[in-house]
Amino acid sequence: MANGLKFSPRKTALALAVAVVCAWQSPVFAHGSEAHMVPLDKTLQEFGADVQWDDYAQMFTLIKDGAYVKVKPGAKTAIVNGKSLDLPVPVVMKEGKAWVSDTFINDVFQSGLDQTFQVEKRPHPLNSLSAAEISKAVTIVKAAPEFQPNTRFTEISLHEPDKAAVWAFALQGTPVDAPRTADVVMLDGKHVIEAVVDLQNKKILSWTPIKGAHGMVLLDDFVSVQNIINTSSEFAEVLKKHGITDPGKVVTTPLTVGFFDGKDGLQQDARLLKVVSYLDTGDGNYWAHPIENLVAVVDLEAKKIIKIEEGPVIPVPMEPRPYDGRDRNAPAVKPLEITEPEGKNYTITGDTIHWQNWDFHLRLNSRVGPILSTVTYNDNGTKRQVMYEGSLGGMIVPYGDPDVGWYFKAYLDSGDYGMGTLTSPIVRGKDAPSNAVLLDETIADYTGKPTTIPGAVAIFERYAGPEYKHLEMGKPNVSTERRELVVRWISTVGNYDYIFDWVFHDNGTIGIDAGATGIEAVKGVLAKTMHDPSAKEDTRYGTLIDHNIVGTTHQHIYNFRLDLDVDGENNTLVAMDPEVKPNTAGGPRTSTMQVNQYTIDSEQKAAQKFDPGTIRLLSNTSKENRMGNPVSYQIIPYAGGTHPAATGAKFAPDEWIYHRLSFMDKQLWVTRYHPTERYPEGKYPNRSAHDTGLGQYAKDDESLTNHDDVVWITTGTTHVARAEEWPIMPTEWALALLKPWNFFDETPTLGEKKK
């Protein structure tokens with residue numbers, strides 16, 4: 001009954017009536033004067049709290065972020081996170097409706113009994129730019145003589161201070177002696193410009209035009225494309241071939257054009273988008289009605305269609321396919337409630353999160369989404385370094401169909417569109433458990449205006465099965481539950497919604513889970529069933545998942561940039577390959593299991609396909625556990641999933657996409673730390689002609705032995721469509737892990753006792 005005040009129809013009317021009469025017999029007083037009363041339900045919901053009524057216990061439960069409150073009508077106390085709190089004014093009932101004092105929210109939720117949110121006394125140097133700082137950066141940039149009217153903003157984000165200084169702050173509390181600085185990326189027409197702005201001294205430190213770069217697709221480009229399509233008489237005429245007479249019912253999806261060395265007939269220096277379209281039939285799912293074999297090429301500078309590419313006319317699939325369940329009667333499901341009656345086990349201080357032995361900083365970036373920084377683990381009082389920064393590096397969704405409406409489709413979702421900008425607000429109780437704390441985040445829009453995204457990130461703790469268990473005959477059972485802290489973020493890029501979870505285990509493991517849901521991009525075909533004459537040809541590149549609709553085979557490939565600092569920055573990549581070796585020690589066995597251990601000493605050697613039967617470690621060979629083993633973290637790019645694993649790029653080596661985006665084909669990369677090397681696809685991948693990302697970073701083959709190394713893991717799935725994913729796709733996951741390997745001296749959760 002969250003988000004609503006409801007009373008069960010069970011026969012408790014007499015008890016409730018008595019409570020109502022007793023509670024409203026006379027005026028209610030607070031501090032010697034008559035209290036001003038307001039409706040509990042409306043007031044608390046406007047505050048953002050869930051309101052629940054327990055008809056049996058005659059009690060309200062109020063939940064807001066870290067506060068879990070129980071209060072009975074007429075009672076002089078409430079229970080807040082398991083502790084008693086005196087109420088200046090009790091909850092009263094009148095005519096079946098609950099009323100509270102207008103000071104109730106302050107009395108209860110500002111009582112200090114909820115310790116989830118703490119005041120940040122020393123701002124973390126990696127805190128996101130505030131709304132005021134974003135506005136200041138824009139003001140400074142606009143005052144520059146080089147700034148041109150109508151310039152748009154691709155990104156306004158924190159320019160990070162020196163890494164060593166940030167670690168000194170996180171570990172010793174040493175203040176960072178540097179002004180707050182912003183990176184500003186702009187689009188002046190089709191020209192990309194980078195600026196670095198000193199916010200404290202209100203001056204521009206650098207102003208750099210970037211030659212040959214194509215900027216991101218911005219949100220107003222979507223509006224421009226729709227207007228161009230709607231007002232084009234040429235496009236309207238072509239639509240008639242497809243039986244469409246009203247261009248106003250056509251929904252466009254602007255897509256980047258890729259790079260084909262001129263074989264697609266497109267001018268390389270132009271700012272172009274390809275547009276595929278769908279018909280809005282009124283069923284709420286225009287994705288089910290593709291206008292197949294029709295592509296408009298739009299010049300964003302000229303604001304016009306410069307080319308229309310066509311194939312054979314395929315009738316638009318017209319069968320209604322709503323995905324919101326409007327035409328289904330699903331069975332009613334009883335509530336499943338997750339409660340934390342004594343409050344949260346974690347605290348949030350500014351943007352720093354503390355849970356169990358973990359501490360980390362969290363901020364949202366407009367391109368890659370959440371960035372987790374200064375990740376440490378408290379090992380018996382010693383704060384140990386694990387990771388300086390971890391984030392999505394980039395991702396790509398390439399399709400395998402060569403037809404006119406598909407051959408160019410290879411979506412670089414973060415690099416071309418900005419996945420942080422496309423953050424989807426999280427709905428508590430649906431997108432995240434009901435016990436989640438939702439965090440708002442502020443980024444800049446394309447005009448430079450600060451924009452706050454409500455519920456951008458969810459934080460929650462969950463039960464995750466037994467941490468360990470053993471039952472010895474004749475002795476008591478020994479077991480404890482596993483808890484996980486999840487940082488969840490969702491980005492909606494066109495038809496797909498991507499869920500990213502950073503999962504902290506109390507045993508030192510970090511999970512990275514990438515989930516894909518939403519609606520598949522589908523192709524209109526002639527075949528209704530696999531028995532139709534055209535079915536074999538229609539399904540050459542995909543699966544018939546509905547009448548006249550094929551789900552085209554594609555991949556979801558994710559890359560994560562993980563600047564691991566395992567007990568410090570001098571790390572080495574170590575391989576351990578379990579092998580079968582002959583038995584030379586005697587006895588009946590002819591073979592043994594042994595481990596071949598060796599160092600991988602350079603960037604080129606580190607770029608590898610992942611073999612799940614082997615072990616790859618980032619080790620600090622100068623630090624040992626008590627047995628003398630070097631402390632390490634295991635890197636597992638693919639630890640399971642629900643779709644076939646993407647073991648590499650499903651493209652021939654002579655494809656341009658293969659050469660532009662090397663990160664797709666190998667699951668493990670390790671490079672030397674350089675602060676400007678942040679994106680596996682390169683900083684400006686839109687229409688890039690060669691690899692400016694990981695392939696370039698590793699080209700100089702720097703040494704990795706006892707250096708500050710950055711791990712990049714590529715994971716994902718090859719998506720072969722099935723009927724059960726249409727018209728909306730259940731979330732499909734790819735899982736990765738970072739796992740302590742001789743990092744500790746013993747089972748790190750030994751002796752844990754959880755209530």
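Keep in mind that glycine also has a Cβ here, set from the backbone N, Cα and C atoms.
The model shown is predicted, which means the values in this text are computed figures rather than measured ones.
Annotated Mn(2+)-binding residues in Swiss-Prot are ASP563, ASP565, and among ASP700, ASP701, ASP708 the one listed with them is ASP708. Record check: Swiss-Prot places HIS554, HIS556 at the Cu cation site, and the matching candidate among HIS690, HIS707, HIS719 is HIS719.
Here Swiss-Prot has TYR697, ASP700, GLU702 binding Ca(2+) 2, and the candidate from GLU603, GLU624, GLU752 in that same listed site is GLU603. Put simply, of the binding-site residues TYR411, TYR417, GLY420, ASP708, the one whose Cα is nearest the Cα of GLU702 (Ca(2+) 2 binding site) is ASP708.
Other than ASP563, ASP565, ASP708, the residues of this chain whose Cβ falls within 8 Å of the Cβ centroid of the Mn(2+) site are, in sequence order, LYS163, MET387, TYR388, LEU564, GLU569, ASN571, TYR673, ASP709, VAL710.
Excluding the listed site residues GLU603, TYR697, ASP700, GLU702, the same chain places SER602, GLN604, THR671, ARG672, ALA698, LYS699, ASP701 with Cβ atoms within 8 Å of the centre of the Ca(2+) 2 site Cβ atoms. The Cβ neighbour count for LEU564 (Ca(2+) 1 binding site), using a 10 Å radius and every protein chain shown, is 25. Taking the Cβ of ASP700 (Ca(2+) 2 binding site) as reference, residues of its chain lying under 8 Å away and at least six apart in sequence are, in sequence order, GLU603.
Cβ proximity to the Cu cation site centre (mean Cβ of HIS554, HIS556, HIS719, cutoff 8 Å) flags the following additional same-chain residues: VAL397, TYR399, ALA516, THR553, GLN555, HIS643, GLY716, THR717, THR718. Between the CA atoms of TYR496 (active site, schiff-base intermediate with substrate) and ASP563 (Ca(2+) 1 binding site) there is a gap of 28 Å. Taking the Cα of LEU564 (Ca(2+) 1 binding site) as the reference point, the closest of the recorded positions TYR411, ASP413, SER414, HIS554, TYR697 is TYR697.
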